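According to TrEMBL, the protein carries these features:
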type	residues	note
DOMAIN	B:562-591	domain '4Fe-4S ferredoxin-type'
DOMAIN	B:592-619	domain '4Fe-4S ferredoxin-type'
């Protein structure tokens, strides 16, 4: 019931307006870190929308996750400027180290790996963002110690 | 501080005078750049350090700290400018704050260590205006970022903000506003370059009592971030532009569709809207004119195609962002079926400027067919990375070499990519082309929203084509078969080429497919999606051929056909690469040249990054 209250609050903020479906999903995802299926069903009921419409939107846009995410969200920028400076290699090194592909979560639920098209910080590319913290001028060499930092945080 | 509603134009004028007076009383300003790039480089801590120092020395009355959006010179972030002289200090650390305040602000002494050093002459440069990066620009829009704390509407008012709106209310009819914009020659800054005044006129003439204006801030082109900088650094200029546009068109509701990947932009625009409301610059009966206008923010959710206007409108309506057939154009049938006018962020930001200074003044800047300035983000393999605002018509050479300071590490220039995934790569033979809408299109690229990614000899053009195809393949909404399958197939062919599996005839097949995708797709994404492939084939066919015929990647990028090895003469036997190699593929003894076991090597490149002696060879 408590859970439903959270969703209700978000929906109320947008006055239950169907046109705000995307904003509602964004805010709900911020609460849960992902979009669980029962929550989507509940949103559909509340907004008086067919479930398929809610699913359509939730699956069309890249920033929605229909799977639980890990404790830390790693976002690798793959904008053109990062790409020509070796962003792809950085991504591959992270993939190798935590053994997941973009869009997936590591088995121990520690990391979720995602990519983004451009963050507009091209001067300091290649860029990796972990939990909103920006790490510029990345290279494959720095990956191990960066990941270590977050693994350590979890242990403490 | 509660704001009193401004009920008439006269109230705004009086408030402005008061604000100017207040600001003149303070002697010195320390202007700290803190856009997203600045924050990523630690400007948050720098700001705190300055605040602490001002408090420590009790200087609240003498010094004004102004925390602004980005100053454009990303390379130098975080930087501060000390006014009135305009002393420029770059790459500031928190521990520099005290020295800057005590020495420079109080005693007007320069701290040489913090100055910008011109890489070409080796000279230290004191004033911002003398730095080559800034010198050749014409910063009509961007320079205001230095004058404004984006979280404080009063800063915008003090530099003449909302004066253009007053001028419109004081004596311009809707038709006169549209006429002025038409006369200025302003063209859309989002990509296609459609004349803004004409667009407004079409929407004005469309039948309907409800009309909408939209600001397209879904800046999706990778490598372009001028819109973010304007949204973060000067949000009111966009609101004012939209107000004027809405008045001209007859709209009373506006939307800003902004990427959710730009949290600071969302924050600053939200604050700006609220502050404008408090003053009554948004809402009912604005400045007593009888004109009503509200603006709402919609956050994007990570779909590149939503930059396309019909997809964007679908997204605002709360649906998936799928483009639809045009006509009817948004001017006739837009948001919720009502006449709608969509312009890009930079276009809106130009509007107050044109109204204030006049179309005649504006149309003297630029070329015959392309008026005004355009902001480009100069990024990639370039010395001075940053946002560059230039009169349209400047040559690529001037931008890249005089403003951008050329290519780092003495590497050779290969190409510049403009226009993002819809654009193309322009080779060095064409560096003297003037940058304007028509010329870039003729060269096989487009002006686009203004990304300019510089590539050097270490960039593989087949890899670049593959990069954009992969991008478009993922971002295609899938509605048109030609785009969905055509781009996918082109991606597969280019991937094969990059892996040394290319066949004779592949280039021709790519060209054929590219033309089908271009002709048979409905929206801009598909229609221009082949440009990166076509332009790289057009100018760099030899690179494709090297991959296909000789299974070689001349720039040593394509992983599947390159090999890492160790130069025995350069290797000092320091064992650094042995320790770093994740595969244990490198063997050798101390002080003796090492060796790479090719069967174990995964070509991750760690060895080449760690080697201090340049002994890792890639070919």
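Cβ atoms here come from the backbone N, Cα and C positions, even for glycine.
Using DSSP to sort the residues of the domain '4Fe-4S ferredoxin-type' (B:562-591) gives these counts of helix, strand and coil: 5 helix, 5 strand, 20 coil.
Sequence-distant contacts of the domain '4Fe-4S ferredoxin-type' (B:592-619), counting only residues of its own chain at least 6 positions beyond either end whose CB sits under 8 Å from a CB of the stretch, comprise 556, 559, 562-568, 570-578, 580-586. Sequence-distant contacts of the domain '4Fe-4S ferredoxin-type' (B:562-591) (same chain, at least 6 residues past either end, Cβ-Cβ under 8 Å): 553, 556, 597-598, 600-608, 610-619. Remark: secondary structure over the domain '4Fe-4S ferredoxin-type' (B:592-619) totals 5 helix, 5 strand, 18 coil, with classes taken from DSSP.
The predicted model assigns the domain '4Fe-4S ferredoxin-type' (B:592-619) a mean pLDDT of 91.
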